[in-house]
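If you check TrEMBL, you get these features:
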type: ACT_SITE; residues: B:Glu145; note: active site, proton donor
type: ACT_SITE; residues: B:Glu300; note: active site, nucleophile
type: BINDING; residues: B:Arg106, B:Asn144, B:Trp308; note: substrate binding site
type: BINDING; residues: B:Cys110, B:Cys153, B:Cys155; note: Zn(2+) binding site
type: DOMAIN; residues: B:9-376; note: domain 'Glycoside hydrolase family 42 N-terminal'
type: DOMAIN; residues: B:395-609; note: domain 'Beta-galactosidase trimerisation'
Amino acid sequence: MMTIWYGGDYNPEQWPREIWDDDVRLMNQAGVSLATVGVFSWARLEPRPGEYDFGWLDEVLDLLHAGGVRVDLATATASPPPWLALRHPETLPVTENGVRLSVGSRQQYCPSSPVYRERAAELVRRLVERYADHPALELWHVNNEYGCHVSHCYCEVSAEAFRSWLRAKYGQIDELNRVWGTAFWSQHYDSFDEVSPPRAAPTFRNPTQLLDFDRFSSDELLACYRAEVAIIRERSEVPITTNFMGFFKAVDYWAWAREVDVVSDDTYPDPADPDSPAYAAMVRDLMRSLGGGKPWLLMEQSPSAVNWRRRNAAKAPGQMRAWSYQSVARGADGILFFQWRQSAAGSEKFHSGLVPHSGTDTRLWREVEQLGQELALLSARTGNEAIAGSRVLSHVAITLDWDSWWALEQPASPTDVSYVQTLFAWHRALTSLGLTVDFVRSDADLSAYRIVVAPAHVAASDAQVANLAAFAETGTLVVGFGTAITDENLHVRLGGYLGEPLRRALGLWIEEFAPPAAPDLQNLGSGIPPDVPIRGDIFGGAAAGQVWAEFVRVEDAETVATFTEGALAGWPAVTRRTTGSGAGWYVATLPEPDALRRLAASIALDAGLELPAPVTRGGQVESVRRGEHVFVINHGEEPAEILVDGTDVITGAPTSGMRLHPQGVVIIATAGTP
Amino acid sequence: MMTIWYGGDYNPEQWPREIWDDDVRLMNQAGVSLATVGVFSWARLEPRPGEYDFGWLDEVLDLLHAGGVRVDLATATASPPPWLALRHPETLPVTENGVRLSVGSRQQYCPSSPVYRERAAELVRRLVERYADHPALELWHVNNEYGCHVSHCYCEVSAEAFRSWLRAKYGQIDELNRVWGTAFWSQHYDSFDEVSPPRAAPTFRNPTQLLDFDRFSSDELLACYRAEVAIIRERSEVPITTNFMGFFKAVDYWAWAREVDVVSDDTYPDPADPDSPAYAAMVRDLMRSLGGGKPWLLMEQSPSAVNWRRRNAAKAPGQMRAWSYQSVARGADGILFFQWRQSAAGSEKFHSGLVPHSGTDTRLWREVEQLGQELALLSARTGNEAIAGSRVLSHVAITLDWDSWWALEQPASPTDVSYVQTLFAWHRALTSLGLTVDFVRSDADLSAYRIVVAPAHVAASDAQVANLAAFAETGTLVVGFGTAITDENLHVRLGGYLGEPLRRALGLWIEEFAPPAAPDLQNLGSGIPPDVPIRGDIFGGAAAGQVWAEFVRVEDAETVATFTEGALAGWPAVTRRTTGSGAGWYVATLPEPDALRRLAASIALDAGLELPAPVTRGGQVESVRRGEHVFVINHGEEPAEILVDGTDVITGAPTSGMRLHPQGVVIIATAGTP
Amino acid sequence: MMTIWYGGDYNPEQWPREIWDDDVRLMNQAGVSLATVGVFSWARLEPRPGEYDFGWLDEVLDLLHAGGVRVDLATATASPPPWLALRHPETLPVTENGVRLSVGSRQQYCPSSPVYRERAAELVRRLVERYADHPALELWHVNNEYGCHVSHCYCEVSAEAFRSWLRAKYGQIDELNRVWGTAFWSQHYDSFDEVSPPRAAPTFRNPTQLLDFDRFSSDELLACYRAEVAIIRERSEVPITTNFMGFFKAVDYWAWAREVDVVSDDTYPDPADPDSPAYAAMVRDLMRSLGGGKPWLLMEQSPSAVNWRRRNAAKAPGQMRAWSYQSVARGADGILFFQWRQSAAGSEKFHSGLVPHSGTDTRLWREVEQLGQELALLSARTGNEAIAGSRVLSHVAITLDWDSWWALEQPASPTDVSYVQTLFAWHRALTSLGLTVDFVRSDADLSAYRIVVAPAHVAASDAQVANLAAFAETGTLVVGFGTAITDENLHVRLGGYLGEPLRRALGLWIEEFAPPAAPDLQNLGSGIPPDVPIRGDIFGGAAAGQVWAEFVRVEDAETVATFTEGALAGWPAVTRRTTGSGAGWYVATLPEPDALRRLAASIALDAGLELPAPVTRGGQVESVRRGEHVFVINHGEEPAEILVDGTDVITGAPTSGMRLHPQGVVIIATAGTP
């Protein structure tokens, strides 16, 4: 069914029975089409070991079905009931400092625990038996936000599982010794029995041990997911998902995305942070990319305020709607919320809901109704005019690899670079030019792209290095600082970093790092300044490099910009080399935002990509083409004037000259115009 | 005996015998009338289990008695000897992270420990047997600063005690499930055995569990206190106290105040903090209020510097005297210090004493002598002229409830409001107008007051809501933001917060919160600003609201001030409604100090309260009437000129036109003039 | 052999065999004369309990010997292999919070563990047997950086060892009670069995317990060192060292320095911090002083960046050379590095090496070669012209005592003074005048000095007080604030601090402390300001005192400067008293740097010390005389012009008028001119 789903998490077990009818009535009033049920219901479904109570859930599903609301049914395994901890305290997770976490919160289970896994499996078996054929069932929702609070467990059960994982990976202990570099600091292991999770230690822990533990931890959670999926698949063909959490470091979503039928995402940008729209745009693009371009679901966002920041801003009038359309524009076929009715008790009672504490005579409810009506209108469009199911086309991609994320942010690194902030800087620069950007694995097939940017891809395997270098033969490869310093085992690529294929493709090698001083040292009388001045026509003159700098030794490349001060003065900051029909750029620092935008524009032009014309005059506008529609959203505080000819599919009005207010959205049917 | 006591903690066990005679001589020289003895003497009184040594204490009490110094005798249970931990390690307290705390410091006991309680009871029994009839005995001093370092213990003994407390409160586990809202996050308990203290957990813990654990922890300490009191009362009619610690979050002093014969308090304002005099004034008013207006004892203050801040400022010349008179002005009948003779060793050796390290040829000792002489003079006043025993009259009260304090500052709240800072803002505004302010429980009889302010009373029971609403019929009720959002179980009051009676009394309901952004986000280009601009004639125009803001829906009230910018523009900030002969004000933000002062003045005038005329020209002056005397204290750095006709009871001089230097104090006998 | 060693840590076990030949070739090319081998080789030398593998180390030593490189052979006990923790988990250290630290890092052993000590002893025995007579052996290198990550262990094994240490020190528990002042807070112990290490406790722990635990912890590490030395000495006469770490708080290097044959040091100043050259100069002076003036070895420094700061700056071109010569100038006869070849894996792969990742066609390698050639040239100078073996002469000393360091920085102190920052302020002021400064114990023979400065020597024994006071009879004693407040047991010196002999020598006593407010309180409207204004001709007028201030009662001294504001206004800030042929100065605050420099100059002149004439015009120049040579180093960013007549021993050029570039060094043979 091609549609744009609307709805959210529905937790009727928190409310008396008489509210349930009102819920369905209001859902209909608001146009809700999909409700996620049962996410935290384990303790209600199995109030004591082996005793199940499904009656209330039967009733909920029947009520929703009668009301025409489809169901995304959760497997309810995200938080075990307190009886599990009482009977099996070893299922409780343990921190790296040895603190065993307690009940009374959520997600208190060790992902490697066989006891937890068995009890979860049994619950899923019962649920699937009972509801696989329920007519309301639209989607299976496995567990919830895997790893959100407990992604790494350091207990003895986890330790034993880690050893098994290592045995399977390395076979012989000497291979582990080689890969982990245990010749350093007398860490040589004589047997797998001697190996531990990277628990609290006197000082820096072995980097490859840390990285393997990150991989193991992601794998253990994935094993939990897979076990539930296998049980569902025995009885049900209904699609399965589990909700991702945007750029979530602990879990390698590339591996997971292969195993979900539809990608779904939870994101909660801070309404008080002016960077939120740009950051959220990046998250939406990731979700689309994880699914290989297929439509995805915004599984959770907040109607207004959340409850877990220090100060939780309400969304401004219109902001919920504007941010919802951002997701649709970037490929979402569903706008869902946490949660339907704001809780009256518990830790999330101050998290907003579609039905607020103060009821329906409220600004928030009126916005909920409006959005529901609009999405119904948009869902009704079919064929060439359809929005649901249509695709977003990108000519540009940024590489994203969890290994490099984990590696770059390890302690004992040259400097404290944030991987995601580095990706964000590039994404924002490219997006601000009107380009739509995908994320790709660095070892993926890159042939669909004209430009591929690989920023801070620090831990690159030989295959990844070769894949990137090969792309430069026909496409435009942009390599950012810090790339391919090591291989996937965190062994340094000697002789100038980068690895031979990239060295040849870019025509250069890296001699030494020169990270600028930390901002808190910026007022010192001497030393290295926090920004590294750079200069190049490409920047229109002088600019600042941030975060990182390098001594680059050019062998066969054109220097496009140079560092201008201090020890780096005169050394290349940005280079370019032509290879076959492609090009290889190298950027040895992170240019400040304006400079990076200019650099990105030059690269795009050089790659023969035409930059879209401005769609508005004024405003802080985000513009995205999805299929035959252009979405324009004004995130700024001033109105904008639309310059595009077309029709607003919500109002039916012609768009050219239209005034777009702050938080305003227009969806322009362009009838094939670019 | 009507007197103003003078003295402090006396720890002769830290000194060789020959010093003791000198102590009594110097006490007499300084006018010391009361000494607190034995607070940390358990290890000396019972050097090994069951072996008691009272000989030295006999001698100390006899010496003091011979010197005419009365004794406040401690029960010595505040810190068990190390032998207890060696024999019963389970008596040591445990943190929420599972760290068992060690000996070598103080207060290392689990308040729920039966072993600790038994050993403490036996010690008290022996002390009471021995000293109940000692002629020096004036007061019993139970334990010391209950909960100061260990207020919440998470050990298994505490866990079992907590379960018993819950069983007694809830009877059935399903009632606990209902009240705690365990339908949320799969927290449903099948039996009390599954419940734990709120130990470290993956994320936010259950709010009502946290609140009940706060109540339980306060109750457990109170049970310790009561057990000692019961033993004393079997043998002795001498009054009993235990020393409070001002606004101390962990212990609900309303419950405790009912059980002490005289309220006593320890406070240590920072001499380097210019807010200290105003804050200390609030603390004094709390102590008076806890005792229902009866005289109280300043049990501990520092003669000069303390030792536990990062930098410990000495008191300026005169500051110790000025702050002492602040306590007398606000109802204290005793000025006592920690401690008599500054320790030569141990963790508090850098905490000042009445007899400093450097001896008696010192500024500090001369101030100690002067104050002692003056207090003797004041104590001698009797009848109509008496200060000791006289009362302070307040027409204004601020509500204070520990449940709301605990609830407001829980994690996962709309924003990070400080309960005490909010009370302080109101107290300071009212006090600066010359009004004297009491604190009251929100469910107390309020009929003695003309104005009652209820700020941020977030967790309000139905009875409390009704009590406040009823007051608005005849008095002036001022409700501050964040009030009655939930009931006493932290279940949200649905349909607009506040609860029906207050909604009617104030003529409004609250639709949504809009907390301003955190100060560290204030330089962002957009988003919600850290202050919310408001405007109203009541403020003389524009002003700033801080900390919190709300969307207020007026049904039947006059809007006195409005928000002027952003999403809140045009919404009410301050409202007023007349009810019978009373009035109900609502204040939806925290106006900045000057604005709050103007608002408070308007409210007072509106309530028919006449504001006192200024008592000085110049200076930063605190002025309080106690009985027939007006105390004027200059906390500023410039001299002030007294405008009041009367007689300075210390010097006998006429006061009108008198010059009051910085840190100067004048006590004016007004012979009935206002 | 009189030489200036050149080389560093060599870890061939991290590299394949084929690299080893290249290593020796490059060592010869760079002039490397000494390599430290085996520091972290335990797990390779004893891959499983009792099975030793020395073959690879035989080959390494033979190769080095064949290449003419001498060997500093480590005992390899700094990090036990993982098999030890698996078989003896009780050897793993425990934090004060009870967290047992894990393998996978380094130094994971409890220093008191008998099991660790036995296994370490057996390894040393084997190493000494095998290599005592190896022709390459130049030096034994015991363990590594004792205490760097685990200096204090709180496990039960350590607790038992601590009790034994206390039994040996105090004999009877009552003596411990007296010294620890356990009459305070009911801490009286009935037996040694009741005593613990100062583990996490409810609040401040007993100060003398803390201090004794600091002493015990330093002693336990020293016992480990001594045990290894004893084994070596049974078979070998080759000199022994262990590498110190500059001003390292956890270990009392005065006690250790007596037990090493040559002092050696590891220091890693931050290249991005402009204070680094001055701070490093102080560290070099400490190392010379620890050895009683004998030449010492710079055992470790970084060729360029380190890896453990948040941002790790590369050394500027020339900076490695300039800082190396600073060590030679201040008495070092060896410039060694961590490490020879930069690691390709492990936690320190981003720590620079003499052979960088990027190879020998690099700036860094060229600087390594240049310095090696120059040091060979300097090593060749013999007789009167020799640099190696020559001495640095100091007329000025600063006292340094670990007891006072530990005591001053305890919690519950008057303020948060840093001991080392206080010493640094004085060292920098004196050094900036061209004076060379030694460090001394306050109970050492001081007769070699003209001026002795005792800053913040808070915990001074009677002997130390008497020694300092006696020095004032003939020399110039300068006592800084905070001195002799307590004795060595942390019992306060009553009656005015300082102790009687110093009181007489200085003609004053201290009545009270008045620490200025913390900098974060500096914008308060009143209170004590963060700086205390002082005034005196000695400062050329007004200046600021920092960190500390006192009320000083002068009995018999001249007031040289006074405090000018607030409560301290008119009180003495600096005093001077003549005693015999000596003088006693007292400085009751820390004058700001410029003022302290002027004060230091006045004191020097008053003491009859002639200040050296400037050696340059311009530049930020450090100038030190060692034997017959003057070293001049330009740490600034502008060039300097040399004013000294002489010959540059590197270039042979005359030095007068020579231009010294930033990071430039000139070593002037002065032929006996001053």
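In case you wondered, yes, glycine gets a Cβ from its N, Cα and C as well.
Curation plays no part in TrEMBL annotations; they are all automatic predictions.
Keep in mind that what you see is a predicted model, and the values were worked out from it rather than measured.
Under a cutoff of 8 A between CB atoms, and with a sequence separation of 6+ in the same chain, the neighbours of B:Cys155 (Zn(2+) binding site) are B:Glu90, B:Leu92, B:Pro93, B:Val94, B:Arg100, B:Cys110.
Here the C-alpha separation of B:Arg106 (substrate binding site) and B:Cys153 (Zn(2+) binding site) works out to 15 Å. Within the set of binding-site residues (B:Arg106, B:Asn144, B:Cys153, B:Trp308), the lowest number of other Cβ atoms found within 10 Å of a Cβ is recorded at B:Trp308. Annotation: B:Cys110 carries the greatest number of neighbouring Cβ atoms among the recorded positions B:Cys110, B:Glu145, B:Glu300 [cut-off 10 Å, Cβ to Cβ]. The Zn(2+) site is set by B:Cys110, B:Cys153, B:Cys155; from the centre of their CB atoms, other residues of the chain with a CB within 8 Å are B:Thr91, B:Leu92, B:Pro93, B:Val94, B:Tyr109, B:Pro111, B:Ser112, B:Ser113, B:Val150, B:Tyr154, B:Val157, B:Ser158.
Residues belonging to the domain 'Beta-galactosidase trimerisation' (B:395-609) score a mean pLDDT of 92 in the model. In this entry, B:Arg106, B:Trp308 stand out among the recorded positions B:Arg106, B:Cys155, B:Glu300, B:Trp308 as having a C-beta under 8 A from a C-beta of chain C. In this structure, B:Glu300 (active site, nucleophile) is part of a beta strand by DSSP. Residue pair B:Glu300 (active site, nucleophile) / B:Glu145 (active site, proton donor) shows a Cα separation of 10 Å.
Between B:Glu145 (active site, proton donor) and B:Cys153 (Zn(2+) binding site), the C-alpha separation comes to 16 Å.
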